[in-house]
Amino acid sequence: MKIGVLGVQGDVREHVEALHKLGVETLIVKLPEQLDMVDGLILPGGESTTMIRILKEMDMDEKLVERINNGLPVFATCAGVILLAKRIENYSQEKLGVLDITVERNAYGRQVESFETFVEIPAVGKDPFRAIFIRAPRIVETGKNVEILATYDYDPVLVKEGNILACTFHPELTDDLRLHRYFLEMVK
């Protein structure tokens, strides 16, 4: 099994390190043709407008949508969730539009208002998961086929739709590998 981490911008290294701790072969994906070399893909946190601009400049956006629509398992964190969303509230931004959610960018505040909390994620075990929110998006609406796996303050923060796992916080910034392990089970 080889897992790609989209390497255009953001928390690339942190996701690669988490995967290495789990003994998984990784590929930092920087070219459209590399999307065919991976069994699953992580879209890291970062800056979503920069990420989509780079994807378009590299002609990778359409290939990525095609691969996701054909079943490529994807794990998106923070800005990656914005990239995948079908709708972005109060903001005009290009997106991939493959996940049936509406998001609000930077909903929990600016960088200085970043915070940590614990969330319950029954799908990965009974122990609470340390969730780090940094300029995180808020999922304000989910489609009928979107499964909510975790919430914070009544808002979904971890959702799954088919082959897509989307997390508004940053699990790669913790030592807890349960969400990465959960994604690997989706890939198998």
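Easy rule for this one: first residue shown is 1, then count along the chain.
Glycine is treated like the rest: Cβ placed from N, Cα and C.
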From Arg13, Arg105, the one annotated by Swiss-Prot with Gly46, Glu47, Ser48, Ile134, Arg135 for L-glutamine: Arg105
Other C-beta atoms that fall within 10 angstroms of the C-beta of His170 (active site, charge relay system): 22
Nearest of the active-site residues (Cys78, His170, Glu172) to Gly46 (L-glutamine binding site), judged by Cα-Cα distance: Cys78
Alpha-carbon distance [Ser48 (L-glutamine binding site); His170 (active site, charge relay system)] in Å: 14
Neighbour-count leader, CB within 10 A, binding-site residues: Gly46, Glu47, Ser48: Ser48
Rounded Cα-Cα span from Cys78 (active site, nucleophile) to Ser48 (L-glutamine binding site), Å: 9
Ile134 (L-glutamine binding site), number of other Cβ atoms within 10 Å: 20
